[in-house]
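Visitor: So that we are looking at the same thing, I have put the structure below in structure tokens.
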Amino acid sequence: MKEFAIETRNLRIYYGSNEVIKGINLKIPKNVVFALMGPSGCGKSTLLRAFNRLLDLNPEAKVEGEVRISGVNIYSPDVDPIRVRREVGMVFQYPNPFPHLTIYENVAIGVKLNGLAKGKELDEIVKWALKKATLWDEVKNRLKDYPANLSGGQKQRLVIARVLAMKPKIILMDEPTANIDPVGTRKIEELLFELKKDYTIVLVTHSPAQAARVSDYVAFIYMGKIVEVGPTRKVFENPEHELTEKYVTGALG
């Protein structure tokens, strides 16, 4: 039986009594860019947060059903959510490097706090992660500087390096280019093509055009349900549902 990077089974998510994710069944293959697209408020960011148990931090949120990572239900009582978040990293919409830490420390912090490396080994991990995020050549001579003077795109790649340093299996990205200029956006989109060789990328985007450019598979979410899911080219060029066609052509926002 094929093992998927992420599989959901009858996933339902509530904020209080409001059901925002309504019985979603989804299978995300390994080593792809998988886009979740849909209008604002459709539930795509909530769904993304269920994939690494970030919703645990919201006392209003309740999760029912299963989310399986490499075959294991991460909502089982014996699963450590800290370990889940180590294996499933998250990049948020607003670039959020720690302003009080240097560029080096921003990449190293997760590794240090988890006791995974120190000394020269830590130096090598930081260098490797910055190279992997295509940022090393831009910052290698200012690792002791603070990130305030980095561009928005550089800050977001620094955050990606911080995630990579933890050696995750999956990287979740919640509209990672929404607040970045076109040059920075292009660099991050190019980076996704490289990262999917080693990781599974799940990308929330408000832009159908971006989903079409960078993803291998796409799910269109509307009012908490999946309307259509499949290979990106098929969904955009030959959608099965009228709602999907309206969304990808800009008639539904």
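Indices start at 1 and increase along the chain as displayed.
Every residue gets a Cβ built from N, Cα and C, even glycine.
What Swiss-Prot records for 6-248 is domain 'ABC transporter'. Annotation comment: Swiss-Prot describes Gly38, Pro39, Ser40, Gly41, Cys42, Gly43, Lys44, Ser45 as ATP binding site, evidence class sequence analysis.
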Visitor: What does DSSP call Lys44 (ATP binding site) in the simple three-state scheme?
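Guide: Going by the DSSP assignment, Lys44 (ATP binding site) falls within a helical segment, counted as helix.
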Visitor: Can you tell me how many other Cβ atoms are located within 10 Å of the Cβ belonging to Gly41 (ATP binding site)?
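Guide: Summing over all protein chains shown, Gly41 (ATP binding site) has 11 other Cβ atoms within 10 Å.
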Visitor: Let me make sure I understand the structure: which of the binding-site residues listed (Ser40, Ser45) has the fewest other Cβ atoms within 10 A of its Cβ?
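Guide: Result for the binding-site residues Ser40, Ser45: minimum number of other Cβ atoms within 10 Å at Ser40.
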Visitor: Please compute the mean pLDDT of the model over the domain 'ABC transporter' (6-248).
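Guide: Per the prediction, mean pLDDT sits at 95 for the domain 'ABC transporter' (6-248).
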Visitor: Quick one, of the binding-site residues Gly38, Pro39, Cys42, which Cβ has the fewest other Cβ within 10 Å?
Guide: Pro39
Visitor: Reduce the DSSP letter at Pro39 (ATP binding site) to three states and note it down.
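Guide: Where Pro39 (ATP binding site) sits, the three-state DSSP reduction gives coil.
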Visitor: Taking 10 A as the limit, how many CB atoms besides its own sit near the CB of Lys44 (ATP binding site)?
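Guide: Lys44 (ATP binding site): 26 neighbouring Cβ atoms within 10 Å.
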